[in-house]
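Chemist: Would you mind keeping the following structure in view while I ask a few things?
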């Protein structure tokens with residue numbers, strides 16, 4: 001009897017251990033959960049897949065919690081998110097344009113970064129072709145959303161200047177800070193990058209500058225032609241694929257495909273709401289702060305879309321990954337110049353707005369000189385902190401020039 005009782009106790013302990021193992025596996029092992037959710041699978045308790053499972057709601061809550069934790073609480077830049085609701089509150093209570101502009105500017109910065117993050121996560125599930133198109137489209141979605149709202153309000157010059165400022169900011173400020181910080185961390189050696197890739201990116205930028213230079217020259221010489229934007233539009237997809245494929249090969253998605261889609265929609269909607277407040281406050285901010293609209297468009301507005309690129313490029317440079325930093329800074333400039341600007345021209349035509357590629361002589365000359373300077377800096381395939389400092393000083397010169405520049409838009413455009 002004692003032997004039989006001992007065997008029964010051992011058997012009971014084995015059953016309890018197996019049940020505990022089953023519960024632990026179902027709660028903490030994603031593979032086992034996925035296997036149990038396959039069609040035709042019948043659980044040990046005889047319930048069909050469509051039947052009620054006590055742990056299903058708990059698993060759903062765990063997925064939502066993990067997704068929110070990954071997207072919202074994993075980035076220190078997200079401490080600026082409360083400035084978004086504060087923008088709406090200040091607009092309702094005070095209507096102070098300068099304060100609304102500043103708060104919306106700060107509130108959009110983390111949303112733009114998270115929008116880029118959700119786009120990258122979704123691109124990992126779609127393959128290189130569709131992923132390249134997604135990155136080209138949503139990679140600079142913040143600039144495009146702000147541009148569309150400005151176009152709707154007839155602020156053509158603000159659209160042109162903000163897109164131009166985004167290109168200048170990426171090439172001079174973002175790349176300069178990356179070279180400078182990377183050079184300080186690795187001051188005992190000269191950092192190197194892929195010279196061939198940098199040369200290709202410089203060539204693409206020069207091609208994009210040609211697309212903006214000739215309309216300005218033709219307009220200035222009164223020999224302008226129409227409809228010269230089409231040959232440059234298809235190149236945006238090729239560039240986006242070239243700039244993104246290198247970095248996605250070894251990455252593992254942190255959130256699911258449909259989670260990425262949902263977060264993409266949420267971030268886009270929230271950016272659209274704040275962009276309307278931002279655009280509507282530009283004129284009032286210019287008068288309240290006594291700042292030219294050209295300075296706001298070229299210097300202040302690009303901060304919104306380039307904050308994520310700025311932080312990412314510096315981090316990669318400090319890890320001695322200059323190729324990625326170049327891909328972030330130069331690649332984003334190429335996407336805007338070869339996709340964003342033609343896209344805004346087409347949207348302007350659809351809205352019946354006189355949006356064109358004539359960015360005026362001073363702005364186009366600034367862009368041309370900037371691309372030439374950056375191309376000279378990249379031709380050696382190496383960088384140090386002094387090169388970064390020179391690029392930053394070039395950006396300061398550009399900022400000072402636009403602060404004193406008197407913008408005279410043609411045909412009463414703003």
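Think of each number as a place in line: the chain as shown, counted from 1.
Just so it is clear, glycine is given a Cβ too, placed from its N, Cα and C backbone atoms.
Source: prediction; values computed, not measured.
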Chemist: Quick one: sort out which of 222-247, 326-351 is the transmembrane segment according to TrEMBL.
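Modeler: Going through 222-247, 326-351 one by one, TrEMBL gives transmembrane segment for 326-351.
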Chemist: Answer yes if the transmembrane segment (261-282) and the transmembrane segment (163-187) have at least three CB pairs under 8 Å among residue pairs 6 or more apart in sequence, and no otherwise.
Modeler: no
Chemist: Looking only at residues six or more beyond either end of the transmembrane segment (385-404), which have a C-beta under 8 A from one in the stretch?
Modeler: 168-169, 171-173, 175-184, 187, 291-292, 294-295, 298-299, 366, 370, 373-374, 377
Chemist: I'd like to know if the transmembrane segment (86-112) touches the transmembrane segment (199-218) in this structure, counting it as a touch only when three or more C-beta pairs sit under 8 Å and are separated by 6 or more positions.
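Modeler: Counting Cβ pairs under 8 Å, fewer than 3, so no.
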